[in-house]
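Inspection log for the structure reproduced underneath, given as structure tokens.
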Amino acid sequence: MAVFDYVIFGLYMCAVLGVGFYHFRRNTDRDDYYVGGRAIKPHHVGLSIVATDVGGGFSIGLGGVGFMMGLAGSWLLFTGLVGAWLSAVLIIPKVKKLDAKHSMMTYPDFLRRRYGPTVALLAALISGIGYLGFTGGQILAGAKLAAGTIFTEAPFGMDPINFSLYVIAVITVLYTVVGGLKAVIYTDTVQWLILLGGLILVTVPATFMQIGGWGALRAELPKEYFNLTNIDSSTFINWMVTIIPIWLIAMTLYQRMYACKDEKDAKKAWYIAGIFEYPIMAFTGVILGMCARVVFPEAEPEMAMPMLIKDVLPIGVTGIVIAAYFSAIMSTADSCLMASSGNFVNDIIERYFCPSISDKGLMRLSQVVTLVIGATAVILAAQSEQVLDAIMTAYGFMVSGLFVPTLGAYFWKRSTGLAAGTGMLGGGITYLLLEFGAIEKLAQRFEWSSWLSLSEKMTALDLDPTCYGIAVSAVLFVVLSLFGPQRQVELSDSDSEDGDAGTAAA
């Protein structure tokens, strides 16, 4: 990169921090900090959603998938279109009706109305921990982008990726701590438009000019790279099962539902997000990944696209696009930080440890907790290698524990708090045990032949641990709802006090 690009990058980062400090002075209470005052326009919310979901680690991961699979990698974001539009039709009307009555702040606030405080506490822990891991994945994405473009040589003999981790973390955590959701959403809008414009209008044409056009791309890559069916059925199922349910349980999305003025605005925002995810960003990302394979065939897949951006763009434009890319990654990381902080502060610390804290005190507490979560996420990021793997692990943990009980809360009147809490624990624990191979290691050590045989069959199916986590959660949830203590509260009757709903979970 030229000196001019570094100057542009630095000015852009300063502007982003300036937005954070501007909203720091204007945030007066936690409504402003966590849900943006509940009156943000739908186009801002919609672009913020897609920037949060795609603009960060997924865009780096998407380039890596395109590098390895070709056009079929676009199915990764088809899940976003399906999830967004299903959520708009099925979930938003129910959530906004409740929000109008109760001014909810977090995803567990909804579950508290349906299942009671114990289930809400479990959901807050699962969601908070999951988003902590997700934040780490985003910071790792930023570090890979930086190491491939800006900090190719780090000072003090440090590894470029580790040095980049700390730089990205400091900027991201700082402006999230001071700015809150308004700073997040408004910067998301600008960052996403610059990034998308830079990729579609500049990066793709410039890359095609360098490699010789679409014909040269077809000549250089295997034929199957241009076939949308070049994907294993197990991979397709794993993506669908892991990503679509996130649209029903993601704290970042509930915050944005609450930030919309009404149901109409929220639906409009979700439709905008879906169409930007697929086909717009899906094909842009995988095509750039395919081009990167032609230019840098020996590169690590997730590093190839950042290297491509650095090498093919003209001076000046490189700085803008890379800054926008960084900002998009930061926008995802800051949203995840806000989500995790909201879970721990509003659903755990305030409710159980500081029930009489003032709004101003709570906002300051939120900033401290956000800072601690950000520091922890950096430690997790330093232990990871692949961005997409880190993101999918966080998704899998949350979906395994939360999806089935949340679905039941919306659509099954007979579901109970005891069933929901047990399903959350069973699904989440099952996922962790399978994902990190704990059961298999124990089976090998103690020679549990029956489990080893079952493990071999599960491995042959090549399904993600999320599938098994959801299955265990569903069995526990259905059985206990049908045969356990029969006390449940319908959403339409949710004007009762928190402690009245679903106390069987306690």
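Just so it is clear, glycine is given a Cβ too, placed from its N, Cα and C backbone atoms.
Whatever TrEMBL says is automated annotation, not expert-curated.
TrEMBL annotations:
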TRANSMEM  6-24  transmembrane segment
TRANSMEM  45-69  transmembrane segment
TRANSMEM  75-95  transmembrane segment
TRANSMEM  115-134  transmembrane segment
TRANSMEM  163-185  transmembrane segment
TRANSMEM  236-254  transmembrane segment
TRANSMEM  275-296  transmembrane segment
TRANSMEM  316-340  transmembrane segment
TRANSMEM  361-382  transmembrane segment
TRANSMEM  394-412  transmembrane segment
TRANSMEM  424-443  transmembrane segment
TRANSMEM  463-483  transmembrane segment
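Taking pairs at least six residues apart, the transmembrane segment (75-95) and the transmembrane segment (115-134) share fewer than three Cβ pairs below 8 Å and do not count as touching. Segment contact is absent for the transmembrane segment (236-254) and the transmembrane segment (361-382), given fewer than three CB pairs below 8 angstroms at sequence separation of 6 or more. Among residues of the same chain six or more beyond the transmembrane segment (361-382), those with a C-beta under 8 A of the stretch's C-beta atoms are 27, 29-30, 33-34, 132-133, 135-137, 139-140, 143, 162, 165-166, 169, 172-173, 176-178, 333, 336-338, 340-342, 344-345, 349-350, 354, 390. Here the listed stretches are 6-24, 45-69, 115-134, 463-483, and the one with the most C-beta pairs under 8 angstroms to the transmembrane segment (316-340) is 45-69. Cβ atoms under 8 Å from those of the transmembrane segment (115-134) belong to residues 106-109, 249, 251-252, 336-337, 339-340, 343-344, 347-348, 351-352, 373, 376-377, 380, 390-391, 393-395, 397-398, 401-402, 405, 409, 415-417, 420-421, 424-425, 428, 489, 498-506 of the same chain, restricted to positions at least 6 beyond its ends.
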